[in-house]
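Per TrEMBL, the features are:
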- V92, S122, E140, D191: S-adenosyl-L-methionine binding site (BINDING)
- D191, D219, N220: Mg(2+) binding site (BINDING)
- K194, N220, E249: substrate binding site (BINDING)
Amino acid sequence: MLWSLLAVTVVTAAVLYVLYRWLIPAAVRSSGWLTLLWHVVILERLLNIMTGSTRPQRMLKAVQKNATKGDPESVISAIDYYCRHREWAMNVGDEKGLILDSVLTEVNPGTALELGTYCGYSTIRIARLLSPGSKLITVEFNPDFAAVARQIIAYAGLQDKVTLVEGPSGDLIPKMKERFGIKSFDFVFLDHWKDRYVPDTKLLEDCGLLRKGTVLLADNVICPGAPEYLKYVKNSAHYESRYYKSNLEYTTVEDGLEKSVFLG
């Protein structure tokens with residue numbers, strides 16, 4: 001029975017891959033929602049069944065096999081190669097990652113907050129560029145993602161630069177000052193649930209965690225999209241906003257980052 005189920009799963013996966021790779025028109029493959037449906041709903045679940053592992057666990061194995069321990073650039077490259085050539089994943093990715101690098105270098109934050117750690121890819125991109133003595137707090141709701149992220153961050157040799165906190169962002173943001181001695185953040189990277197972008201931004205404001213000049217950088221504002229967040233920061237007198245056009249990680253689908261400077 002088990003072998004029969006496995007055979008059906010393998011054949012189904014092969015048929016779906018052939019359809020997606022060769023028979024479905026490029027115009028359909030460039031659709032954001034169809035791309036996410038394929039990678040997140042169909043392919044990921046099939047691979048989970050076939051391998052008995054999760055996507056984050058497979059990414060961790062790819063890092064351990066192909067990256068040099070203690071070398072953040074090597075870890076980033078290993079993840080990018082795996083996600084572009086083997087299995088897509090919802091990291092900020094190599095293209096948008098360069099925008100993240102540029103904005104971060106410009107800001108040179110002493111305190112940084114990341115909402116949405118996932119497997120630690122963007123955490124590593126941020127942490128490797130921080131000046132000595134800077135603090136990075138990254139928040140992840142999913143404990144399984146957090147467990148993998150800790151291992152990947154440690155493999156990159158950046159565990160001493162990063163504080164990873166598990167739990168709902170809405171519960172943790174009000175505790176930042178007391179728990180970590182943070183007065184305010186110089187840089188905030190939003191890359192968690194898109195429907196939390198606006199509530200968490202308002203919460204950061206209400207808790208006094210944004211100072212005049214704090215830079216917020218939000219990922220995936222086009223795909224899967226964060227229309228309420230864009231409406232909020234673009235229409236608020238408290239922000240000066242700019243859109244950076246790019247592509248959804250490891251695809252040709254349009255996506256981008258929204259950089260918003262808090263004006264006080």
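A Cβ is built for glycine as well, from the same backbone N, Cα and C atoms used for every other residue.
Between D191 (S-adenosyl-L-methionine binding site) and D219 (Mg(2+) binding site), the C-alpha separation comes to 5 Å. Binding-site extent for S-adenosyl-L-methionine: residues V92, S122, E140, D191, maximum pairwise Cα distance 15 Å (rounded to the nearest whole number). Every protein chain considered, the tally of other Cβ atoms within 10 Å of the Cβ of D191 (S-adenosyl-L-methionine binding site) stands at 25. Neighbours of D219 (Mg(2+) binding site), defined as other CB atoms within 10 A of its CB across all chains, total 30. Around E140 (S-adenosyl-L-methionine binding site), the same-chain residues at least 6 positions away in sequence with a Cβ under 8 Å from its Cβ are G116, T117, Y118, A146, A149, L164, V165, E166. E249 (substrate binding site) and V92 (S-adenosyl-L-methionine binding site) are 6 Å apart (CA-CA, integer value). Within 10 Å of the C-beta of S122 (S-adenosyl-L-methionine binding site) there are 24 other C-beta atoms, taking all protein chains into account. Listed in sequence order, D191, K194, A226, L248, D255 are the same-chain residues at least 6 apart in sequence whose CB falls under 8 Å from the CB of N220 (Mg(2+) binding site). When Cβ atoms from all protein chains are considered, those within 10 Å of K194 (substrate binding site) total 19, not counting its own. Each residue contributes its Cα atom, and for D219 (Mg(2+) binding site) and E249 (substrate binding site) these two points are 10 Å apart. Spanning the residues K194, N220, E249 that the record associates with binding substrate, the maximal Cα-Cα distance equals 16 Å. Residues within less than 8 Å, Cβ to Cβ, of E249 (substrate binding site) and separated from it by at least 6 positions along the same chain comprise C83, W88, A89, M90, N91, V92, G93, D94, E95, K96, D255. Counting every protein chain shown, 25 other Cβ atoms lie within 10 Å of the Cβ of V92 (S-adenosyl-L-methionine binding site).
The Mg(2+) site is defined by D191, D219, N220, and by the 8 Å test on Cβ atoms against their centroid, the other residues of the chain that qualify are V92, K96, G116, L190, H192, K194, A218, V221, L257.
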